[in-house]
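Read through the structure below, which is laid out as C-alpha cells, and then see the notes.
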C-alpha cells in the first residue's frame, strides 16, 4: 500500500513546490506523474515552467486518466494534480458527476495498492468563489468529494496557505519493507 502525503490548497498557494521539495528529500530519482491535458498555449507555458523547475533527476510520466497502469512500486512519486485528472475524467464522462466519481475512486484504489511514497497535489476549489454555472458547480462538488476520499486514504494531509504548509492530518506510518533493486529498505516506524 502506498504511503500518501496529500497536499491541497488554493491556486498559487505553493502546493507543487512543497510536494516537489518533499519528493526530492525522499529520493534521488523521483517520478513526476503529470495528469494535465494541454488545452491552450497559456497552459502549455505553465507546463514548461513546471518542467524547468524540476531537475534532471526527475522521470516524467504523462497520464491523463489511467494512473494505475504504471508500475511505480518502490518509487517516490509526485502526482500533479488531482484537479486536472478529475477534469479529464469529468470530460470523458460528459460531465456526469456520479460516473466520474465512481471511475475516479476505482482508479485511485487500484493506483494506491502499489508500495510507493506518493505526494499528491490537489486544489481546494470549495474555498473559492461560488461557481457561476451548473457544470462548474458539479465539478466543484466532484473535486470536493474526491479530495475527501483521497484524504481518508492519506497518511499525512497538508493545507497550503500563502506558501505555508499547515498539517491537518498525521498518521504514524507502519514499518514496511520496500524492494529497491536487489536491496530491501525498511520504511516507517516499528
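Here the Cβ of each residue, glycine as well, is placed from N, Cα and C on the backbone.
Taken verbatim from TrEMBL:
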ACT_SITE  50  active site, GMP-histidine intermediate
BINDING   9, 10, 11, 12, 13, 14, 15, 16, 34, 35, 36, 62, 80  GTP binding site
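TrEMBL feature annotations superimposed on the structure.
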residue	record	Cβ contacts under 8 Å, 6 or more apart
9	GTP binding site	15, 123, 124, 158, 159, 160, 161
11	GTP binding site	123, 128
13	GTP binding site	160, 161, 162, 163
34	GTP binding site	47, 60, 61, 62, 63, 80
36	GTP binding site	43, 47, 62, 64, 81, 84
50	active site, GMP-histidine intermediate	16, 80
Taking every pair from 9, 10, 11, 12, 13, 14, 15, 16, 34, 35, 36, 62, 80 (the record's GTP binders), the biggest C-alpha distance in Å rounds to 23
Including all protein chains shown, what's the count of other C-beta atoms within 10 A of the C-beta of residue 80 (GTP binding site)? 24
Residue 15 (GTP binding site) falls, by DSSP collapsed to helix, strand or coil, into helix
Could you tally the C-beta atoms, other than its own, that fall within 10 angstroms of the C-beta of residue 15 (GTP binding site)? 26
